[in-house]
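S.K.: Structure provided below as structure tokens; questions to follow.
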Amino acid sequence: MQIFVKTLTGKTITLEVESSDTIDNVKAKIQDKEGIPPDQQRLIFAGKQLEDGRTLADYNIQKESTLHLVLRLRGGAKKRKKKTYTKPKKIKHTHKKVKLAVLQFYKVDGSGKVQRLKKECPSVSCGPGTFMASHFDRHYCGKCGTTYVFKKADEE
């Protein structure tokens, strides 16, 4: 019987085969006509890839049936090189969460009176709730730059 083999280029090859022929025999005949080695050939019929050991009758391939020839691709994607960094990785700053951080701004004395530990900035541009930093010799506002310097007892 006669079957057709359609290649990727669109070229159609006619082969003279028997229904008892194996897929290996068909691939060998394609190699004789086209020069494509059998290990690179994939034959597809009715959406299924044909296995080498089976016969044409196993797949119900009759006279004047068309098989599609596809080339087998070996391997996968190219392996990527691992990146090498010239500088060591920068350590990111992590915010330290302090529970009840507001308590460091106030002190409660024995009688229950609340006393403010840090001075609040009197500047209009800062607004209420902006505290000044306490240094050993001054109070400093980081927002507006206002500075109050302490007088030493021996300077008076």
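In case you wondered, yes, glycine gets a Cβ from its N, Cα and C as well.
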S.K.: In Swiss-Prot, which of the ranges 97-120, 121-144 has the zinc finger annotation?
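M.R.: In Swiss-Prot, the zinc finger feature sits at 121-144.
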S.K.: Taking the zinc finger (121-144) alone, what is its mean pLDDT?
M.R.: 89
S.K.: In the domain 'Ubiquitin-like' (1-76), how many residues does DSSP call helix, how many strand, and how many coil?
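M.R.: For that range the per-state counts are 18 helix, 25 strand, 33 coil.
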